[in-house]
């Protein structure tokens, strides 16, 4: 028995020695592969890394090791399994990944750039009109009331311009590497405050005061590219999938300074002889390549936001089924997180999310702030105690003024200093909102003195005397020392890429959407064939003769064809209106210029326009029996193609100028009727009153009607 045991021990030791030998061989092979990568030129070195082949077969084949890959050629499967390997438990593994990233940079003396946001004496005003002596925002009802009042009594009820202050002399600091929560009752100016800090406020608002990022004023850089304002409304193209939406956002936003940081990191590690962890190196290199249609950063964002399960599902809308409302909110967040910006201003990000999902997302943002050094300001209406505890600083607003701006640990002490105490079992966030309310404030008063309403002005005066307020004031007015790292955190270019690259990105997306809407074009072509066959039966060539009576029938058929082509552009009205909100959002975020959006759309409509006119002209021309000369067939085809393009452009213009769909539909109907009326067919030009004859010359139908009639009736057969 003893000899048997000793034999098993020897066998086990021999197996362990073999495993150690295999590990040594594997390590030696990895070192050789890394040495080969280090010998590559810089451009190739920062795109080449080691990928574990065992990830592709769930680790079943132990003989497979790491292989040298080009990170720009990672396939969809490789990206997915790699992210699943990096992040299994989202909270823990994401924290571990970010810590490794920070440690790798710190090992060679590098640090990611940070953004310090400061605002002094910030005021925002909106102009309104006085109706019956009271200032009102110019709503439809107030405008109508104002007009009738002016008619009934011109002298007494004249509208006078008035100004409403949305933000009133606010000052403060939003520190990097800290989570800041913006609290306040509805209507206190939180949305305007966030938009103004991000440089995305309405141009009609009058803004005064000073806002600076790392000591630079807003006019000295591009705040829209430096910060990310996340709207509380979820605007996305319904025909795109979740993954495609984030990929397009990543392609337009670019990579910022990631490539420069990676080059410097690679140079220093090569000089010091440091071999990084292969998985971390692959991740950092894959997210630092610009211009890719599919990027690893998209898979990372999908994973940490819990969108990986619906990544290939279309977004959908009220008419087409897609992802849920909570998933749309997470998509809105991920659309901006995928970019290189490290300053986030989030407006009511918990709308449509359950408390568990909100907690998970805020946890990921907290890790981003504490480890990477991001600047994050989040507006929440009623956060749960668990979510509230994740924040470091509090900004409390009321009536367009900041009541408190400081550490969360000091906010309870401040209100006790003012005479209000939070009950033991009361949530601190709920207490902060209720203590500002006149009707709920009294229940928290704990001084022996008799209670009297503590107004917002009194809270502001008390905060200036409080130690957190004095410390904030000293820090705010101390000179800010600007370094090169502070400048690297800002963006000085309006767009992330050259205009040609942005045009290609928009063209690729438009082609994708065109393929998604292929049923619409197929159905329209089938409808066109059916209608043309009906027309041919009405004007069949066997019954058409060359005389004055049948010339009118030829003319009627030509005009009906032009009318059909004119109205075929009506679907562009609904299609353009449905995407207009997304276009405005992405244009204001400087994803692309307006022409990069409109030109691809116009270009890709030309083949379908040609197909429609070719089907119609081919069936009608020979079925009705127009002049048989080939050149006249192609002239008619060309004239109808031009009219189709003009009609499509007119209806697209109406949708862009009149952005309310019901009103745009009414104006579209008016445009069609006016174009027909002044085309010269219904009312001939000599019969028109002289004062309205100019309408004939601005109607596109009149030119095409003249051209197509001349093309037909000047043929040799009509000269007889």
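Any Cβ shown, glycine's included, is placed from N, Cα and C.
Lifted from TrEMBL, the feature list:
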REGION    1-27  region 'Disordered'
COMPBIAS  16-27  compositional bias 'Acidic residues'
DOMAIN    149-424  domain 'ABC transporter'
TRANSMEM  519-542  transmembrane segment
TRANSMEM  554-575  transmembrane segment
TRANSMEM  595-625  transmembrane segment
TRANSMEM  637-658  transmembrane segment
TRANSMEM  664-683  transmembrane segment
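In this chain, the transmembrane segment (519-542) lies out of contact with the transmembrane segment (637-658); the count of Cβ pairs under 8 Å, excluding pairs fewer than 6 apart in sequence, is fewer than 3. Annotation: stretch 554-575 has the most Cβ pairs under 8 Å to the transmembrane segment (664-683), among 519-542, 554-575, 595-625. Summarised as a single figure, the pLDDT of the domain 'ABC transporter' (149-424) averages 87. Outside the transmembrane segment (554-575) by six or more residues, the chain places 517, 520, 524, 531, 535, 539, 544, 612-613, 616-617, 620, 624, 626, 640, 643-644, 647-652, 654-655, 661, 664-665, 668, 672, 675-676, 679, 681, 701, 704-705, 708-709, 712-713 with a CB less than 8 A from a CB of the stretch.
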